[in-house]
Every structure is written in C-alpha cells, then in structure tokens.
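Student: Below you'll find the structure I mean.
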Amino acid sequence: MKSNLSLKRQDEKRADKEPNLYTLQGVIQYLQYEAFKNERDHNLWEIERAELKIRVAQLERERAKLEQSLSFQQRRAEMLEKSLRELRKDKNISVKDLDEFHLLDKPAANNTKADAEACLLKSKNYIKKSLQEIVYLTNMQPNVSWNVLQEPTRGIKVPKESNNTQQNNQFVMEPSQNKGNVNDANFFEVEYARNENMNKLSSSELISDDLLEDEIMKPLSSGESLPKKEEEVTKSPSFTLDDSVASNEQTLAQLNIESPVDQKKSKAKKKKEQKWTLKFESDKGTSTQCITHQPLPGSTPSFASGTENGVINVWRLDEDSNDNSMGIIKPHLTFYGHEGPVLCVCVPKATHHIFSGGHDGTIRCWSLPANQTSDSISKILTGSTIFQGHEDCVWELFCHEVKDNNPILLSLSSDGTVRGWKYTGEQLFKIRCDSKQPLSMSVTDSRIAIAYNDGNVRFYDLDTQILVSQMRIAGNSAIGNPAVKDRINKIVWKNGNPDRLYSLHENGMVRVFDVKSEELLAEKSISKVSLTGIAFAVNRPEFAISASDGRVFFLRQDDKLSTLESLPSREAQEEITDLSDILWINSPVDKLEHLIVGCKERISVYDRKYLP
C-alpha cells in the first residue's frame, strides 16, 4: 500500500514538472497536415489506378493483334491446303510426284505450325507476366491509416491470412451494422496483402482467351473458380479522379497553399495588367502640332516636335537632361525660323538634319550641331536652308530612303501638289490631280499613295509619276456635309502579307484595306471626334491611335480591330479641331517602351516595361 502511494506521488510530481505541450492550434495544424497528406496519397493512388487501366487497355490491344495474326495464319494454312488438294486432282501430275512434293513440303509445314504455336505460347506467357506485374503493383500498397474527416459510408473487413498459399486475399464488403464500430474507433485501416500464388505459376499453364478479360480486372489463381459478377469488391473508398482533384484543391485552399496552376494564372494576370505610366510632361502651353522620331544619334531615345509659334524642339528621354523629381521634360535643342505654326517634321537617317514644313508654305532644313555643348543647348538655333516652291501650307513631309537610290524628300501641300526634292533643295518632280485636294500620303519602295478629298487613294509610280491605280476608301468631302464627316485625315501604308492601308477619318472611324485586292478588311468607330495620329508597335501586332481631344486608343491588328486599352487625356478638350500627334518608340537600353502624345496644352510621355 505504501509503495502504491509513493508511486502515485512520484507521478504527480513528474506531472507538475512537465508542462503540457499540446495546444489547440498545434492539434488543428497537425490534423490539417494529416488530412492534406491523406488526400495527397489518395490522389496518387487514383492516378496510379488510371495508369494501370491504360496499361491493361494496351495489353488488350496487343492480345487482339495477336488473335488477328493467328486468324490470318489459319486462313493462310487453309488456302495452302486447298491449293494442295487441287494439285492432287490435276491429271498432269502423277501420284508419285505429288507424294515426293508432299514429303518435301511436309517438314516445312510442320515447322510453320510449330513456329506459330511457339509464337502463340510466347505471347500468352507475356500476357501472363504482365498480369503478374499488374497484380503485384495493385497489391503492394502501404498500410494507410485514414483519419475520419468525413463519415465513411461502408466498413471494410480484412480477413486473416491462412496457411494455405493457394488461397487469395480478397476484400469483402461488410453489412452497414459494422459502421458503428468504425465511428467508435475514429479511423478505419486498410491492409493490402501480396498475392503469393501468382509467383508460382508455371510456364506450361496457359490462360484461356474467354477468361482473359475477367482475369485482368479480377485476378484469380489457377485453382480457384470464377467469382459471381454480382459480388462487389473494393479495396478503398470509391472516389473518381475528378472528385479527388476537387478535394485536393479544397484542401490546398484551406491550408492557404497556392497550386502551380494558380501561380501561372497570377503571373499571366500581372503581365496583362501592366499599364502605361506617365513619366514626363512638358510645361503647360506647349502646343504641339507634329512629332517625329530619332533626330539625335546614340542610344538615348529622342524625338522632335513642332509648335504653333514656329519653333522646332528636340527632346531627350533621359533623367539627366530633365527634372525627374517634378516630372517635367525640357527641350534639348530649339530651332526657330518659320513664320507661323510648324505643321510637320521629318528626320532622315542618312544625315544629321531635320526637315520641317510650316503654315508659311516653306520647307526648312536644319543642321544638328556636331558638338552639343551647353551653349548650343541653351540658345535658339536659327540657321536653316529654305526650300521654296509651294504656294500654300505644307502639311506632310516624308524622307524616302532606298538602298542604291538617291534619297528623296516628299512634301504634301494645300496648293494641290505633292513634290519631290533633293536634300539640297532642288525640286525633282510635282504630282497634281486636277481639282482634287491632297490630304495625306504614304510611301513604299517604288510607289506613293496619296489620299484626296474625293475619298479616293491614288497610287503613283515614284520614278515616272504615272498613275498606277486608285481605290475609294471614304466619302467625297468636296461636296460638303454629310460627306465631310467621313473626310480622310491620315493614311499609312504597311508592308506585309498582304500589304495593308490604314486610314483615319474625321468621324472617328478607322479602316483597313488590302492594297492588292482593294478589299475592306476591317472597320471600326473608336471615337466621336476626329482621329489625327497613328503609331505601330515594333515587335507586336498592335497600334495606337490619337484623337483630337488628346485620348489614345490601343488596337490589335486583326480582322475585328480588337480594343486593348485606352489612355484618357489629362484635360478633355471641348473643341474637335485641336490637332494632336503620337509616337511609339522602344528603348533597348533601359528595356522600356515610350509613348509620346502631343496635344494642345502639353507633351505627355508614358512608358512601360518592354513586352516581347
């Protein structure tokens, strides 16, 4: 009695010294982990089961091929026997000769039959070994304790192993009254036992073809009879593959674990949500009429613009030459000389010059300073070469530079002419269409496309200035309203397969035509105001269009001109006559795309990461 009391006191002291290590949060985490592990193992078993079904189907197809080959050999043997009988009936061949031929062919026939039997025996042995492999894989499963997260619908009884090695271990469903015992234990255990009898099958035993399907689905030993088909056999709770996948996703969600599929979707969503951000703006009051690209050599992105007060500004998109803290962009170079607004700017690739056309009807050639010191940047440059010949406003300029040909400067004016110039100022040719006003132009290697106010685009040969063809893309704005609403503002010729002609209109319509077939490929109304500028992405089938209110729309180059996104203007303008232009350039150094938008009040520079 004393010993029992002393032991009890020692246990109480030990219990007081040892703290309780079990907490509610720890138990919940442990149970969640065990549930996740059980669900994962169950999903792996379901996947392995599906793979085994595929393997069984492959074996069945191989068996069908072997049976077909055997049937073909039997038919061939019957045909040979029939031909032999016909030869024996022939009167021209004696019985002695037939007997000699028969004796010669008999060993060969016997050999063929023996080979066929050997092939059939080999095939059946291969199928039998495959069945042994399937039974081995299905029976060699680990002992798994299922935690009862959900109430089981059936109990599973595991019979004890017997000493007789010829007896197979089967799993028989118990009646529903055993369900209470399972719930009392809070778990049920499934034991898998290896079928030892399958390893003792001799090579002389052959599987009957009639029982092959039943043997694959429910393997039996050679000494047992076939079970009844009504008897249901199971080894684990019945779950479909879809149910197990859904259960796994639910478990992952409860444990706050992100699946690989969700990770890929989140990455794609982040890439899709990448937007343009405003980086620089010019001082308010910089009224821009036109924008062009790359006037300066080097890797720093730059552009030139013309203003209403006759000034040409050259800008650089680097943080050193701009006030990055305030987000203000400053002109790098300034040229002045036009008597009125600058309507167009063009920069050739071969020389360090800038061409500009103005409201005063003149074209001016400006030289970029070789040494761009602080003095040349701070002061206004006024020296220029004047090209005279136009009698009215010069609206568009285009530098046409083709290999092995002299470069040509093309100009479009309100005086009704399109003229070609040398870079030195000498006029080469003049294209005029009687009583028609040119509105816009675009050039390829050997032809120039000119849009007129009668709604037609006329194609001329650059060498001979001869009209090649024409097609209608808009209404005749020369007759006044309502056709003036469909007036052409700008055209762009893009080479490709096929060559396409893009047109922007006064009524906010954009159209795409096939140049060769003159067929309308796409048409879309994207704004209620006039469209003024267009710029194409370098490495993707996308382009941007600017409207007269300063807004920018991004479209895809497909049959529907799908809208991608839009940039709202900083201050929407009520008037629809305020012009704007747009430029889209890539910067390989900092891996950024730049979008320059020039409107009435300012120049805005947006950028985003380069999208391959």
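Including glycine, each Cβ sits where the backbone N, Cα and C put it.
Note that the coordinates shown come from a computational prediction; the quantities given were computed from them, not determined experimentally.
So Swiss-Prot lists the following for this protein:
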COILED    39-100  coiled coil
REGION    219-241  region 'Disordered'
REPEAT    286-325  repeat 'WD 1'
REPEAT    337-376  repeat 'WD 2'
REPEAT    389-432  repeat 'WD 3'
REPEAT    434-470  repeat 'WD 4'
REPEAT    483-523  repeat 'WD 5'
REPEAT    526-565  repeat 'WD 6'
REPEAT    574-612  repeat 'WD 7'
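Give me the lay of the land around each of these features.
Tutor: Mean pLDDT for the repeat 'WD 1' (286-325) in this predicted model: 73.
Same-chain neighbours of the repeat 'WD 2' (337-376): 289-297, 304-312, 314, 382-388, 390-399, 401, 407, 409, 411, 413, 415, 421, 423, 425, counting only residues six or more beyond its ends whose CB sits under 8 Å from a CB of the stretch.
Within the chain, the repeat 'WD 3' (389-432) has long-range Cβ neighbours (under 8 A, six or more residues past its boundaries) at 343-351, 353, 355-359, 361-363, 365, 438-443, 445, 448, 450, 460, 462, 465.
Residues 395-396, 398, 400, 402, 408, 410, 412-414, 416-418, 420, 476-478, 483, 486-493, 495, 499, 501, 503, 515, 518 of the same chain lie 6 or more positions beyond the ends of the repeat 'WD 4' (434-470) yet place their CB under 8 Å from a CB of it.
Taken through DSSP, the repeat 'WD 6' (526-565) splits into 0 helix, 20 strand, 20 coil.
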Student: Summarise the repeat 'WD 5' (483-523) as counts of helix, strand and coil residues per DSSP.
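Tutor: DSSP composition of the repeat 'WD 5' (483-523): 4 helix, 24 strand, 13 coil.
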Student: Mind checking how the repeat 'WD 4' (434-470) divides into helix, strand and coil residues in DSSP?
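Tutor: For that range the per-state counts are 0 helix, 22 strand, 15 coil.
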Student: Just to be sure I understand, if DSSP states are collapsed into helix, strand and coil, how many residues of the repeat 'WD 2' (337-376) fall in each?
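Tutor: DSSP composition of the repeat 'WD 2' (337-376): 3 helix, 16 strand, 21 coil.
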Student: Quick test of the contact rule: Cβ under 8 Å, at least six residues beyond the ends. What residues does that give for the repeat 'WD 5' (483-523)?
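Tutor: Beyond its ends, the repeat 'WD 5' (483-523) has Cβ neighbours at 439-444, 449, 451, 453, 455, 457, 459, 469, 471, 473-477, 529-534, 536, 543, 545, 547, 555, 558-561.
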